[in-house]
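Here's what TrEMBL has on this protein:
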REGION    1-21  region 'Disordered'
BINDING   84-89, 275-281, 305-309, 374-377, Ala436  GTP binding site
BINDING   Ser88, Thr281  Mg(2+) binding site
Amino acid sequence: MSERSWPPLPPKNESEADKAARLAAEKEAKRIRYVCTGFLLRRAFLTCPRDPVSDEIDRALEQERQELRKHRPQTKILLLGQAESGKSTMIKNFQLYFCPSSFHAETEAWRAVIHLNLARFVNYLLHVLSNANTGPTRDYRMLQMRLSPLKQVELIVTRCLSAESCPIATPTEDKPVLRSESATEVSIRGGTGWKSFMRRRRGSQSKVLANVDDLEDARRILDACKEDIVALWKSPAIRVLEEEGADLHHHARYFVEHAARVADIKYTPTTDDILRARLRTVGVEEYRMTMETAAEKGAEWVFYDVGGQRSQRVSWASYFEDVNAMIFLCPMSGFNQRLSEDRSVNRLYDSMELWETVCRSKLLGKATFILLLNKADLLRSKLRAGVQFGDYIMNFDRERPNTVEEVSTYIRKEMTEVHRVYSPQKRQLHVHLTCAIDPSLMSAVLNSIRDVILVDILHRTTLL
């Protein structure tokens, strides 16, 4: 056989039809040879002994890749503020705008939290009404009986959310809430990764399978009770409670007002719903976000959300070093509220004292300071309802208008002066008026914060 045995030379006087048939046959023969060669090569690779030197090189390369991942530049941001100042909601806003795919991937977990918020607040309302001075009416007693299954909903969802860690707070039926207090919340320990409660390993895939039956039962109960929840909220008894001074300005009020939609069996949380959902964490929660926006795509930002309760503030200092920015949230609406840990302390005064302590810290000397005067929406609601800011904050001139603009200007001036006087060295302070549940407002605020932090990083790396 000659050296050129493949492909064979075309015969003389070949017709067009014969040529087409010959080319098709050659193409099929090449395909078969390619498949067979690939099979033989794979079998040889799998059966031949591995080269120890090659294995060692592979291990060294993998270790080097791991070290590079570990030491790649990170942007570290510390969130400070008293409990219920809005730190967790700010984290959700950052995730929504800079890591949207991971934000929407957690929708299923947040639905369970929203249902817990709804059931827990309705149970709180029922408890307060049952102890009202006027006494329950016949219509109320019927609603109370039909809504009693919501206690089971609260227990089911609490158990599912705390599957990997014990809840700090017990359900409302085990820990009754006094009429003068707000509805308490379920708390879980930070760092437990509670969002993974719905994930269970099955083979090599992770799927949303855990506690499915129990959660489906809870959703069916809520769906069956949704009309009664709506009727309860519209009842004259709720208006009487508000007139008598019961604190119903709770974050879950939003879910009760939208109970017909939220309790429906086909309910899927919207962005607004997720921003309003709340599950208090105790301790430090670390969030690692891989940025998806063009300006810093692929960069890793690490957020430290440290517990704001008084008992946890002693551990803050260990997180002060080596952070690029410190974001402090001051809930302006707390001017007429008291700390849950110490009922003698005004929440706004406590926030201002906490701000002074943070400003004095030498460990944060190089960090960018960002002050967010948060919960402007709740502040506006209270002031419009006739609550006088000057009745609670003595230094506020009562001749000034009782408006959000005047009150926020006063708070900004006070806290800016504290920063100027007590900072160990000169540094810029960036102040924003915020409502963390307003996506349109937060879009501009977050972009401004992002730009400030990026400019600071460039200065630190001497690129500017």
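Counting starts with 1 at the first residue shown.
Cβ coordinates are placed from backbone N, Cα and C, and glycine is handled just like the others.
When the binding-site residues Ser88, Thr281, Asn374 are scored by other C-beta atoms within 10 Å, Asn374 scores highest. Cα-Cα distance from Arg278 (GTP binding site) to Ser88 (Mg(2+) binding site): 8 Å (rounded to the nearest whole number). Put simply, Thr281 (GTP binding site) is 9 Å from Ser88 (Mg(2+) binding site) when counted between their Cα atoms. Most Cβ neighbours within 10 Å, among the binding-site residues Lys87, Arg278: Lys87 holds that distinction in the structure as shown. With all protein chains in the displayed structure included, the most crowded Cβ environment within 10 Å among the binding-site residues Glu84, Asp377 is that of Glu84.
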